[in-house]
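Look at TrEMBL and you will find 6-26, 181-204 tagged as transmembrane segment. Among the features that TrEMBL reports, domain 'HAMP' is placed at 206-259. For 438-538, the entry in TrEMBL reads coiled coil. TrEMBL lists 839-952, 961-1077, 1107-1224 with the feature domain 'Response regulatory'. Taken from TrEMBL, the feature 4-aspartylphosphate applies to 888, 1010, 1157.
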């Protein structure tokens, strides 16, 4: 029987036994599992629920007991009792739904009965507690509720005991089942072990005998006795016998294979010897530089190896006419021919001459065996003998003969020697050709190195040119990439050339061709450089022409637009009362359309500034929550008109403020939100401030280690097709650019927004689908790195903003959707004012910021009243007569400058201190008009606190202090007498040094400075005041006779940009200005001084009978401005250009102010202003420049030319009049 059959029978029996044991064990385990499941489901869960119900009832009882027994009944325990009993009821309800036996059902019914009674009494108890009838509740608890409660608990205890007894019985049954199962499994295992032992003793002997036979055969195999396998006799018929037959056959096959490998090894050894000799040829000759020396070395070294006793080598001389083979190496030859027959070897032979010549000519081997006697003799010093075999073999290179080798042997050549000769000659041909080529390459290498140096110089020049061209715009980038590709090709060719210099073994012709290609490419690169330089020049010219075009276009558009806006606004006022409401509406429409056109011009100029790199960035701390207020005020009416919802959301982990240019951020957000509302017909727009995700940060603009903030604008509008997502960021392009498009616009908003984002070190990410809305996300760093502020300074600003933000009271909750509504009146203190209150008027259109100011004012003892519009603020100032005013500049209806001018022109209100707080840049204009200080928004808590401190100082300081600097004793006494009164203390000093000492030691509210101090003392004192931050805000009134030289005037004008400076000529005007800056109440002045001021202004306003020279070449502007100025009782004289203006001044110099256009024919405004300032009598004449050029340096050019101030076209009427008031006062 085969081993397989025996094993199958044995293992089948064991498998059946294992299956029996497994089945029995599974059946027992199933019974035990069923018992445990029943135990848990039927007993354990019931016990758990019963205990939980009892626990809740006990807890409620404890709470109830504490309530009754305490000195004061705490009614808040009622909720706890109700909660616990509700939980108990739900758990008891769950218990009732389980499967119950008869005894359990009886107990559950009993519990339900007692619980019902208990619940009824408990409701009565709770009602008494809630009705505050504590004594009755205690009585009820003592008489009945406590006993009913105990009965419920006893019933629950009885149910728990019933379940515990049942659990004990079931546990006992489970243990008995387990013991029986263990005994049965032990019996089956013992039976299986006995059966397995019998099977092993039945199968084991048949396997061991076969293995012993195989072990003997393996021993012979290991000792290499393969022949002895023929004598092995195999008798077994099972699998081991079959394996022995196979093993015997393998051993015999291996014996035959060894014999064949011995034959092959001999052949391989012969080949190895040949390869060694070939390698030896390379080793000996690879460094040689002379062909003949290499040939001689070869024949000397390898003739013995080949078994030759004689040998010569002839090499071809390609320079010889008709070809000539020259003797280049020999072995064991005789140089002379003697009578004894010694061989004579010629120095040279022709192709075809003799066996050697014929072998060279045919390129075939010639073999002579059994040569005739005396043909070749080999001699030595002791004797000579005849050679028996001769071989003549060609030396080939690329199948072309370059020489022959002739060898002879006394004993003859075997096949191995002949095969070795062929291989050595092939290798020799290659080596000789390399030596010849190397000498040619060395010559070419020297030429190549010279050319390489020239290429290196050209490459360096190319790199230098590339760096110079790197700053050009996108039109050159493609050609720069072509240039870089050319550089890479050149570098690759240089590397190839260097590699050739080291390893080149090819023909010289290839190197020459390569050099010619490089020279051709150099010429092409030179041509490309010339083309790039030409195009760079063209681009520079184009950029220059573009800038000039934009400047001229701005002028040509703003000039007629100036007339349009001024006249339309003037007509809309209808001061003559001769226009209908419809005609006034037409005028307002014209004015609004003109403003829209002005915005478009400004957008084009903004784009030009970005392209030219002239857009300024002014980093500051910006509170992110301000965006909500800004967008609400800007886009509330627009969204409301379209019934759109607008939401502002901000994540919690976003910082309260970031260091960036807030003005540019708002400009970008204004563009994005305007587009979102414009392209959304229904639904909502969401502004979300958050941390950007990884997809939005996946850009090459991201800087490592920088934290970014994302401001996204999402809408439910028309969306953007995928193929037009890049197009919309191009200037003057829209997703729908057809003439029939539904939505208007210039297509500049997104272009400017993207470029501004880049200036702020950020970018704009777009997600959109056609018809499914879009999301534009502005991603910017938390801290802009353009300005290197110290960490302490930035942290201080951040802390201050955090303090302000914590005080804000927003009308809506951040993160909730809100419908933007028009601003409503704030809850201020106007209805609770009394005569003793300090009243602060806040004129501010930002509701959130106004709320902050109200809270801060109240905390500092002020009653605050608020106006959200400019006209309301002026009206409230007249009505309430506040003690101080905080004034914003950018206000609806009437701007802050107009309000400030009205306040300081009204004798009843000019004494009220006004503090300007606005988003406009720090300006001296407000301080010159009489404001006590200026603070730029956004401001931190410390800065706002300083505002109230300044207001309090002005109100509390009595009397006010004035420093008078006058060198003339009599005039000093007269001026002191003019100004001094109970409310003003005057310190009069004779020189600037004494004044400087006083300023360092004491505090002053105003300075009057004599401009005629000797040796420029006045200018030097002003320069010192300019350098000290705490002194800059003190108003300085320069009093003089107007005889100052031009240099002094220019220096004072330069300092007037940073300090409050006014110059007056008369005592009356000096009294007026000091009254303005000291905030003196005119009604409190002595009668003579009050009459002096009344006479100064009696019967005339600032503009009455003022003579204005208007210099402009555009008749439309002249007509518009003349209409406005003459309406205010000014006399206007017109000049069309600078030449005519000079002539007008020569004819009549009694002008109070000049309005000077810049771009005019014959003589422009710059030259005209310069020439006017060259005349001493006109050096103090105020000149306001009017220009449509709004580029970066235009204002500086005007001021440097000599203009007093500057305003851009189209002219804002109120702004022009306000500016004229300032300069006409001087």
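Each residue, glycine too, has its Cβ placed from N, Cα and C.
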- Task: Look at the modified residues 888, 1010, 1157 and tell me which residue has the greatest number of other C-beta atoms within 10 angstroms of its C-beta.
- Result: 1157
- In Å, rounded, how far does the Cα of residue 1157 (4-aspartylphosphate) sit from the Cα of residue 888 (4-aspartylphosphate)? 30
- Message: Quick check: in three-state DSSP terms, what is residue 888 (4-aspartylphosphate)?
- Response: coil
- What three-state class does DSSP give residue 1010 (4-aspartylphosphate)? strand
- Message: For the C-alpha pair, I'd like the distance in angstrom between residue 1010 (4-aspartylphosphate) and residue 888 (4-aspartylphosphate), rounded off.
- Response: 34
- Which residue counts does DSSP give the domain 'Response regulatory' (1107-1224) for helix, strand and coil? 55 helix, 24 strand, 39 coil
- Item | Predicted model, mean pLDDT over the coiled coil (438-538) | 68
